[in-house]
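Undergrad: Below you will find the structure I want to go over with you.
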């Protein structure tokens, strides 16, 4: 009995240590991301990514919105690990980029590939694809909204990409306020973070299939014209004229999410919502919930405030479930995992860890 009595406290202590270690994991991962991670190992990494983004933007200003969305869709599924870039899943089955929320709407892959090629030529086997995605999103925000902020880096690339994960973790345009709140909370993002990040809908375009059910009742025979709650009748008429009543996922017609300034990252999204010009059902939900509506009004009145919070929210989002240290890998090709024989280690600088601050808006 004496031996058993001594064993119990030891076991309890072991469990306590295990629980503490698990609890500390997000904090440890967060500390391992830092601004200037590549200052020593690849000092021109961020400049090379910036050049690739600028070159693509010069040819197509709409690519910036695609790169911002690419970062969001990467981080919300399995964390910010570049898994959205994979074209082949080693375990078989469809990858994230093949899933309905991403195909055919997600874009910018060729820009990431170009940036990766430039970085690999300068600093082989050093900079992860996940970090390149984060840098590219930041540079796109600077080009479209004159917003600058520092990106803590040190992410590693994941080795798994499942279409089913994208379906489970990406918010569809039909989500309610509660759906949105719950999903963002699961990613450690607040209601304010969600409303702030929704402002990214001020740039980019959407396929008709994402909102057609707001202007056409396709269950009727023939389809019947409708105006969804919270949608302006005149805006609905414009959307109806653009999108045919028989729209499906294969209908490749698109419209600007912000018809006023589609390639400018500004606060116009928040100004459009009270006018019944939120394109998606989920956009209008920001008006239905009183707490969200108050934030919408605040950001509509103060663009500088929103931009400050948007930059900070992007940094926070960029920390979701990151792989760091010896977890994951540094892919040689962003579209495929490394061959098992490839030993690739990430080498970073000894710069201090970055906090949530360090955000600048111009």
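Just so you know, glycine gets a Cβ as well, placed from its N, Cα and C.
Reproduced below are the annotations present in TrEMBL:
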SIGNAL    1-31  signal peptide
DOMAIN    32-338  domain 'Plant heme peroxidase family profile'
BINDING   74, 77, 79, 81, 83, 96  Ca(2+) 1 binding site
BINDING   201  heme b binding site
BINDING   202, 258, 261, 266  Ca(2+) 2 binding site
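Each of these features: where is it, how hidden is it, and who are its neighbours?
TA: Within 10 Å of the Cβ of residue 81 (Ca(2+) 1 binding site) there are 29 other Cβ atoms, across all protein chains.
Within the same chain, the residues at least 6 positions away from residue 258 (Ca(2+) 2 binding site) whose Cβ sits under 8 Å from its Cβ are 201, 202, 203, 268, 269, 272, listed in sequence order.
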Undergrad: Given residue 261 (Ca(2+) 2 binding site) and residue 79 (Ca(2+) 1 binding site), what distance in Å do their CA atoms have, once rounded to a whole number?
TA: 31
Undergrad: Starting from the Cβ centroid of 202, 258, 261, 266, which together make up the recorded Ca(2+) 2 site, report each further residue of the same chain whose Cβ lies within 8 Å of that point, ordered by sequence.
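TA: Counting only non-site residues, the set is 203, 260, 262, 264, 265, 267, 268, 269.
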Undergrad: Please report how many Å separate the Cα atom of residue 81 (Ca(2+) 1 binding site) from that of residue 266 (Ca(2+) 2 binding site), as a whole number.
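TA: Pair distance, Cα basis, whole Å: 28 Å.
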